[in-house]
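**Student:** Checked Swiss-Prot, it gives:
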- 1-31: region 'Disordered' (REGION)
- ALA2: N-acetylalanine (MOD_RES)
- LYS100: SUMO2 cross-link (CROSSLNK)
- 121-177: region 'Disordered' (REGION)
- 124-146: compositional bias 'Acidic residues' (COMPBIAS)
- 152-155: motif 'Nuclear localization signal' (MOTIF)
- 168-177: compositional bias 'Basic and acidic residues' (COMPBIAS)
Amino acid sequence: MAQYKGAASEAGRAMHLMKKREKQREQMEQMKQRIAEENIMKSNIDKKFSAHYDAVEAELKSSTVGLVTLNDMKAKQEALVKEREKQLAKKEQSKELQMKLEKLREKERKKEAKRKISSLSFTLEEEEEGGEEEEEAAMYEEEMEREEITTKKRKLGKNPDVDTSFLPDRDREEEENRLREELRQEWEAKQEKIKSEEIEITFSYWDGSGHRRTVKMRKGNTMQQFLQKALEILRKDFSELRSAGVEQLMYIKEDLIIPHHHSFYDFIVTKARGKSGPLFNFDVHDDVRLLSDATVEKDESHAGKVVLRSWYEKNKHIFPASRWEPYDPEKKWDKYTIR
């Protein structure tokens, strides 16, 4: 004799709809969480880089006292940058591990809820959902396979309640090293391109009066290379230079005696200034100290002087040689002066 099964079938359909709605709600929550995480990561990029370089600059200023050579300054700056990057890497590693633990706990809660729903609705769905059970079983197996693969990739086979922020993450370290190397190579390529650019240098051979010449150099050339080329140009016109070598010449720029090992690039990238004008321009304009307010930074500069060291020793008590002094990268010139 046939039996009426209407109530059981209606209850099964209702439970099936509830499960579908629960799954849709979980998917929406996951999408919202991913979008929020992406927005937070994007908004923190600029802050992270600016805070990183501000901290390095502050540490460099506080740890540098007195006169320091250019090489020592560069070495100290590189060491501070590396130390700061290690600190940031540790903080980022701790944050990522915390997020992974939160996601793992959330998955455990969802799986527990699914098990409770399945145990309650099993008897009601048994009569009419034979085909649906097979489909759900297949979906459940796929989900378990995905979770197993994800667990293997993330290496989260340990107790999620244990703090593992101090442990190294080889994958992330390799990615950070790769990115750091790419940025270093990109920066070096850009600097090499700048150094290879050609500039025209206007200079004056000074023996009590000026004799102007021009020569083309590259921004990466040193003062010694420049003086060698200038000497080749001047020898045919000045007999006292025919037996002179580069080590006997001095280069005076904006009343500062420039050491031979410095390059034009050093002054260009740092926008260095001298006593009477900028050191980063090597073409010539009228005297910037007489045209307008000499305290305002200008691009105009004076022709650098090429001088025999013997001439300087004899005349260093007489103007203009009396104004000349050795270049010191730590000394700042706030105003341009004539005397």
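Heads up, the Cβ atoms here are built off N, Cα and C, so glycines get one too.
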**Student:** Give residue numbers and ranges for long-range contacts of the compositional bias 'Basic and acidic residues' (168-177): same chain, 6 or more residues beyond its ends, CB-CB under 8 A.
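**Tutor:** Apart from its flanks, the compositional bias 'Basic and acidic residues' (168-177) reaches 85, 89, 92-93, 96-97.
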**Student:** Just how many other Cβ atoms lie inside 10 Å of the Cβ on the residue listed as 'SUMO2 cross-link'?
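**Tutor:** Cβ-Cβ neighbours of the residue listed as 'SUMO2 cross-link' within 10 Å number 15.
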